[in-house]
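Chemist: First the structure, which I've put down as structure tokens, then a few questions once you've had a look.
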Amino acid sequence: MKRRRLAQHFLRDPSVAEYIAGLVPSGLDVIEVGPGAGALTIPLAKRSKTVYAIEIDKALAERLRGIAPPNVVIIVGDALEVEWPRADFFVSNVPYSITSPLLFKLIRHRLPAVLTIQREVAERLVARPGSEDYGRLTVAVQCFYDVEILRVLPPYVFDPPPKVYSAVVRLMPKAPCVDNFDEFEKFSAWLFSARRKTLRRLKLADSTKRVYQLTLEELVELFKRHKA
């Protein structure tokens, strides 16, 4: 089954699957979202204590049960809605249509992660202040993670091949920049809805600096002053 409605493209290249699995430390409890036919699940299971595979498609989940080793626990449901089990690491070939909400849920769990996502989204995650890619998602993720693009993947390693390139990204938790993510995220969303306006125009500071030019540290300082 090709889940075009979810914009998911299944990994088909065994060498890429082995590469991604090899990025996960051995002996951990791992959550995998969107296992599909199990191309990544099987090599993950070989090096993990437990793999919790969250699959929304019942038919695919049943097919996976037929090939998965005993240390794979299959959870049928929507990864955005089901409660995630306690785990040490997170892995996903992320369905394009849920990339942002899945990232926001991941932030709340603060798990280290290896994700395969659209290259343009990956570039947003590592974007620097002042660039066109720098925005709300950048700030939210960089507040809690060190982000690194490890590898760019061509369309032909997926089935069906997407129209764009993908990227393997590693997210490693760091000391959070704020204590209250939900409040900070709402503030960032409001700010970046006016990304080209100056702080003076927004009556936040006597500065001609524009929102998209602010560093993470400057955004945090504005947030703290706004809360006070």
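Glycine is treated like the rest: Cβ placed from N, Cα and C.
As annotated in Swiss-Prot:
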| type | residues | note |
| --- | --- | --- |
| BINDING | His9, Leu11, Gly34, Glu55, Asp78, Asn93 | S-adenosyl-L-methionine binding site |
Chemist: What three-state secondary structure does DSSP assign to Leu11 (S-adenosyl-L-methionine binding site)?
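Modeler: SS state of Leu11 (S-adenosyl-L-methionine binding site) = strand.
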Chemist: Among the binding-site residues Glu55, Asp78, whose Cβ has the fewest other Cβ atoms within 10 Å?
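Modeler: Result for the binding-site residues Glu55, Asp78: minimum number of other Cβ atoms within 10 Å at Asp78.
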Chemist: I want to verify one value. Collapsing DSSP to three states, which class is Asn93 (S-adenosyl-L-methionine binding site)?
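Modeler: In the DSSP reduction, Asn93 (S-adenosyl-L-methionine binding site) maps to strand.
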Chemist: Translate the DSSP assignment of Gly34 (S-adenosyl-L-methionine binding site) into the three-state scheme.
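Modeler: In three-state terms, Gly34 (S-adenosyl-L-methionine binding site) counts as coil.
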Chemist: Considering each pair of residues in His9, Leu11, Gly34, Glu55, Asp78, Asn93, all listed as binding S-adenosyl-L-methionine, report the largest CA to CA distance in Å, no decimals.
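Modeler: Among the residues the record ties to S-adenosyl-L-methionine, max Cα distance equals 20 Å.
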Chemist: Counting across all protein chains present, how many other Cβ atoms fall within 10 Å of the Cβ of Leu11 (S-adenosyl-L-methionine binding site)?
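Modeler: So the Cβ neighbour count for Leu11 (S-adenosyl-L-methionine binding site) comes to 22.
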Chemist: List the same-chain residues at least 6 positions away in sequence whose Cβ sits under 8 Å from the Cβ of Asn93 (S-adenosyl-L-methionine binding site), in sequence order, or say none.
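Modeler: In sequence order, the residues whose Cβ lies under 8 Å from that of Asn93 (S-adenosyl-L-methionine binding site) (at least 6 apart) are Gln8, His9, Phe10, Leu11, Gly34, Gly36, Leu40, Thr116.
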Chemist: Under DSSP, is Asp78 (S-adenosyl-L-methionine binding site) part of a helix or a strand, or is it coil?
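Modeler: Where Asp78 (S-adenosyl-L-methionine binding site) sits, the three-state DSSP reduction gives coil.
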